[in-house]
Amino acid sequence: MTKAKSFLKEIDYSKKEIEDFIDLAMQFKKLKKERIPHRYFDGLNIALIFEKTSTRTRSAFTVAGQDLGMNVSYLGKDDIQLGKKESLVDTAKVLGTMFDGIEYRGFKQESVELLAEFSGVPVWNGLTDTWHPTQMIADFMTVKEHFGKFEDLTLAYLGDGRNNVANSLLVTSAILGINVKIIAPKELQPESEIVALAKKHQTKGLITITDDTAAVADTDILYTDIWVSMGEKVDFKERIDLLLPYQINQALLNRVRKPNALVLHCLPAFHDLNTEIGREIYERYGYKELEMTDAVFQKHSQTIFQEAENRLHSIKAIMYHSLKNI
């Protein structure tokens with residue numbers, strides 16, 4: 001089993017291959033809903049390495065692995081010597097002798113690439129600072145469930161255009177031929193290297209990078225994410241002031257001409273005061289809602305949580321693709 005069976009970033013795949021992942025995920029969702037067992041990998045063992053905290057990714061990989069019949073071991077940042085007392089390369093070689101697959105969620109893209117290179121087993125990128133590829137299969141699965149197609153659709157991402165989700169949305173939309181708009185202040189627009197990758201792998205559609213929120217007018221899908229990424233050290237007040245004009249609220253939705261526009265969020269979302277961080281932000285800065293208002297979140301919660309559920313089915317598809325010939 002080689003690095004080729006790993007799932008590291010979206011640009012490693014063609015339009016057809018990404019569509020195949022999505023179609024397979026939809027089949028797994030049907031099996032789950034109908035309670036049809038699909039323990040295709042009984043007796044295999046996978047490791048889940050988490051340097052960053054997680055709700056959806058950890059839960060999805062755990063349940064997906066168990067549904068597929070595998071034994072799942074969680075390895076948190078305080079559980080193993082990853083890069084501390086043992087090099088990442090040595091860790092990869094050790095884990096590769098014991099596990100049939102490895103999920104990694106952490107900071108550097110280089111880390112997940114090294115795991116894939118030296119472990120000798122499939123490695124799945126659960127999130128790095130650069131890419132979030134498993135999220136994309138779930139996101140565009142949700143888009144296909146809603147619209148039944150990708151052709152002639154336009155997706156607009158509003159917020160921090162330099163984060164991993166924005167990067168992944170930009171390149172995946174380009175690969176699938178979806179018109180994609182990254183709407184963000186100039187200070188937070190995608191790196192030129194990421195835009196170049198999107199253009200290199202573009203199959204159809206248009207790529208737009210702008211700071212003008214009027215660009216939402218002809219969109220079919222609006223997407224946002226938290227304004228400060230995990231581990232990022234920034235002036236929070238400065239970031240809020242910069243991104244508040246890009247909040248998805250009813251006033252912004254009123255500017256969208258498509259009546260059935262889809263609103264997505266990869267979660268977690270700061271839309272109310274029901275979190276410790278949300279209350280802290282309110283006490284310090286006076287804002288009850290950040291990237292999306294609570295009214296919009298509640299109105300579109302069904303599809304947002306559908307998107308979250310689809311992490312499970314899409315991760316099954318990704319792991320099945322890697323392990324089916326083991």
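From the backbone N, Cα and C atoms, a Cβ is placed for every residue, glycine too.
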| task | Check Swiss-Prot for me: it has Ser54, Thr55, Arg56, Thr57, Gln81, His132, Pro133, Thr134, Gln135, Cys266, Leu267, Arg311 binding carbamoyl phosphate, so pick out which one of Arg35, Arg105, Arg239 it puts in that same site. | result | Arg105
| query | Three states by DSSP: which one describes Arg56 (carbamoyl phosphate binding site)? | reply | helix
| request: Can you check which residues sit near Asp225 (L-ornithine binding site), meaning Cβ under 8 Å from its Cβ, same chain, 6 or more apart in sequence, and list them in order? | output: Tyr157, Gly159, Asp160, Asn163, Val165, Ala166, His265, Cys266, Glu291
| query | What is the interatomic distance between the Cα atoms of Arg56 (carbamoyl phosphate binding site) and Ser229 (L-ornithine binding site), given in whole Å? | reply | 16
| said: Checking the contact step here: among the binding-site residues Gln81, His132, Arg311, which have a Cα within 10 Å of the Cα of Asn164 (L-ornithine binding site)? | reply: His132
| Tertiary neighbours of Arg311 (carbamoyl phosphate binding site) (same chain, Cβ under 8 Å, six or more apart) | Arg56, Thr57, Ser59, Ala60, Thr134, Gln135, Ala138
| note | Cβ contacts within 10 Å for Asn164 (L-ornithine binding site), all chains included, total 22
